[in-house]
Amino acid sequence: MEQNKKVIFSGIQPSGNLTIGNYLGALKNWVKLQDEYDCYFCVVDLHAITVKQEPKNLRQRTLEVLAIYLASGIEPSKNTLFIQSHVHTHAEAAWLLNCFTYTGELSRMTQFKDKSRKYAETSVSAGLLNYPVLMAADILIYNADLVPVGQDQKQHLELTRDLAQRFNNLYSPTFKLPEPYIPETAAKVMDLQEPTKKMSKSSDNPNSYILIMDPPEVIRKKISRAVTDSLGIVKYNDEQPGVKNLISIISAITGLSVKEIEEKYEGKGYAEFKEDVAEIIINELEPIQKKVKELLDDKTYLQSVYKEGAQKALYVSNKMVRKMKKKIGFIPFEK
Ligand code: AQP
């Protein structure tokens with residue numbers, strides 16, 4: 001039966017603690033996909049090391065991200081849940097694909113340009129440049145049909161399609177060309193301090209994001225400090241990016257329409273509006289936080305989930321990598 005389902009691949013980097021951007025933009029939507037699609041949800045730790053990570057933090061966050069996947073409602077029995085570095089085919093396929101990628105294509109990527117500017121003072125690793133090739137490998141080794149992506153990842157998916165097409169033309173049809181999957185209710189959560197920028201887990205300013213694991217009092221404080229404007233009207237428009245962002249957050253959590261939210265706060269000030277935003281976020285996150293803590297206390301269970309996921313992911317992806325190697329001209333290790 002699974003054969004008939006379309007394949008989806010997605011992942012989140014344990015490059016920082018997850019934010020409500022990751023939750024509302026990715027996780028909450030993934031939960032809706034698990035019955036209809038054959039989903040591979042991965043903690044992409046190989047991607048995380050494209051910028052410097054403290055080993056202790058990386059270890060801790062990788063498990064926490066897996067626990068957050070589970071606590072958000074992603075079920076191991078319905079999906080393949082795993083940690084990227086446990087499945088060696090990702091790195092292997094990335095190397096193969098690197099040899100079909102032009103450096104010019106990579107240096108033109110917007111995310112590379114942004115991130116290399118940010119890390120210019122320390123050093124910019126070749127890994128940061130090659131990040132989209134690893135992402136292409138992640139997707140292509142499962143022959144994914146669909147990839148849920150935010151606007152900022154669309155360019156990388158285009159490259160994935162170009163690489164797949166290039167390989168297919170050079171040898172013979174091997175890969176499907178994956179399509180972007182844009183969920184109807186995809187929320188783009190903006191930075192609380194600079195609401196024209198995406199909320200990001202690696203931001204240097206903790207007031208710019210709400211973490212999934214932030215305690216209630218921290219959430220109240222951060223929302224009360226969120227940048228708004230001097231108009232004092234709860235209205236969804238581009239002239240009020242801060243208010244627009246808070247309305248989007250309410251809408252993504254409650255399912256209320258923008259119009260319903262605007263009507264609810266007609267004639268009311270920002271203080272009351274912000275108090276409600278904070279309570280709505282707290283109520284949504286509380287059960288997840290409780291579950292994450294329980295899961296992190298049960299490492300044996302977490303291990304059983306990621307081991308089983310990795311075994312399945314390896315079995316599926318190895319077939320594709322073997323095929324790639326054979327077409328390239330490598331001698332098979334065994335027939
Ligand atoms: N602010 C956001 N709004 C909506 N969706 C978001 N995502 C991230 N931030 C928002 C979605 O989360 C998924 C995984 O993201 P990622 O960890 O692979 O990397 P990212 O998109 O680069 O996220 P960050 O938080 O900005 O990470 P850093 O700071 O490490 O680069 C994706 O589906 C993404 O769309």
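Each position is counted from 1, following the chain as shown.
Just so it is clear, glycine is given a Cβ too, placed from its N, Cα and C backbone atoms.
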I'm validating the feature mapping. Which of 58-62, 198-202, 283-287 is tagged motif ''KMSKS' region' in TrEMBL?
198-202
Given that TrEMBL annotates Q13, P14, S15, G21, N22, G150, Q151, D152, K198, M199, S200, K201, S202 as binding ATP, state which candidate in V7, V189 belongs to that site as well.
V189
Within the same chain, the residues at least 6 apart in sequence whose Cβ is under 8 angstroms from that of S15 (ATP binding site) are H47, A48, V51, Q53, R61, K201, S202
For ligand 1, which among the binding-site residues D138, Q151, V189 have a CB under 6 Å from it?
V189
C-alpha spacing of D138 (L-tryptophan binding site) relative to Q151 (ATP binding site), in angstrom:
19
According to DSSP, which of helix, strand or coil covers D138 (L-tryptophan binding site)?
helix
